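Reading through the C-alpha cells given below for one structure.
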C-alpha cells in the first residue's frame, strides 16, 4: 500500500542531530543568529550567510576538494547528516512543474506533467515531494502553468496542511502562472517562473532555495546535498550524474577543476567538443574503474542556491534570463561565483518522453532488483490515501508484474506489466509488456448493464483482448476482442480521433478513449 503523509514522523537519527546541535558549545556562530526554534528566541530572524560574513563572522567549516557522492554516503545505514540550522527551517523547496509536456502527449492532454500517474499507485509529483519530506524539507512550492487542476487536487488530498506540526510551518502549495502589472506574460522558462514568485519566496526566512524538477524519477537525500553546499562555501551547487560517452551527447555537460568547482558548460556536445568535456570523476568520489567508464558529468537540473545569490542573479545580474541551466548557472560561473558540482551516482530517469515514461514504469518490475523501488522503508514514497480494497484476482495468471489497489482481474494472463488503480480486466485477456493506468472511479453494475444495453463499452479491458507494448491511460474503454499489438510495427502515428497515438513504437490509448470491440491496432 502506498505510504500516506500522515505516517511521516521524526526519525531517531534526526532527533539525535537536534540534540547534538543543542549541546554543541563550540559553534562559531551563536544560536541567536541561526536558530529561532527556542521559545526565548521567538521572533529572531535567520540571517543570510552573506550578512553574517559582512559582520566579520567566520564559519568553522573545512573546505574539501572532494565531494563525496550520495552512493558512498547515503546508502549507508550508519551515515547521518546534521544540518545546522536544520533543513526544515533553513531550506525552501521549489518544484518546477515543467512546460506543456508536448513530448509526453497525449498523457498530458488533460493533466500537468507532474500529475501523470506512475508505478500503479502514484503520480510523478510524489517523487520530488517525498524526497523533500524524507530530507526534512517541509516547505514546498510547486510551480505550474498547464492543466494544473488534477495536480492541485492530488496535492491538496495527499499532503496535509499542517505538516509542520502544531506550529503549522510545513506546506505543499501549488503556484500557478498568473499575469500581473509587473509580469504580464506567462512563465517563459524555469528561471522566469521562479523570478515571478520571488516576492513570495523571499518572505521565507531561509538560507537556501532547493530547485527541483517535477518529472524525474530518483531517490535522493537532499540534506547531504545541502550539507555539501554549505561545507564548500558554494553560491550554487549543481547535482551531477556520471555519464559514459554514449549517453553524454544527449545531456548538458559540465567541466570541473580539482576542487569540484564547475568551470565550463556544453549543451549536448558532439565530436571534439564532447572529448574536451571529459573530467576526472574520481574528484567527485568515483573509484578508478567507474571513473574510466564514466568520464563525463551531466547536470540533473537540480540546484541548491543561496538565498541572497538567487535574488541577486534573477533581479540584478540576469533580469532577462529565462532558463537556469543554459543562462543563469553558466552566467554565475562567468561572474566568478562559486558553482560546485555534487555527484549523484544512483538511478535517475528524466520522464520527458513516452518511451522514457514507459521504460521507467516497466523498470519497477525488473528482476531481481528493480531500477527504482517503491519498497524502501527508510525513504518511502508518499501519495494520496485512497482507502481502496485489496485487488481481487480470480483465476488470473500474473507474473513479473505490479498490481495497484482496488483492481478486479478475472481469468486472464498478465506478464511484465504495471496495472493501475481500479483496473478491471475481463476473462481471456492477455496483457504483456504494458502499462495500464486504471480508472478514477468504479462503474456500478447498473451502469455497466445500461452501457451494454446501449451497445457501449464499460471502463476497463474487455474479454479476449490482447494488449502488448502499450500504455492505456485512465478511464479508457476497451471493447471485447480488441488487439492493441502494433501489428504493422508503426513507429510514429497520430490517431487522436480514433483514440490513440503511437510514439517510438508504443501505442498510447488516450484518457477516456473508447476502442470499439473487434478493433486491431
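Note that Cβ sites are derived from N, Cα and C of the backbone, with glycine treated the same way.
The transit peptide annotation in Swiss-Prot covers 1-72.
Taken from Swiss-Prot, the feature region 'Disordered' applies to 1-32.
In sequence order, 249, 250, 251, 252 are the residues near residue 268 (substrate binding site), counting only same-chain partners six or more apart with C-beta under 8 A. Annotated substrate binding site per Swiss-Prot: 268, in sequence order.
Taken from Swiss-Prot, the feature region 'Allosteric regulation' applies to 444-454. Here the region 'Allosteric regulation' (444-454) has a mean pLDDT of 88 out of 100.
For the region 'Allosteric regulation' (444-454), DSSP puts the residue distribution at 9 helix, 0 strand, 2 coil.
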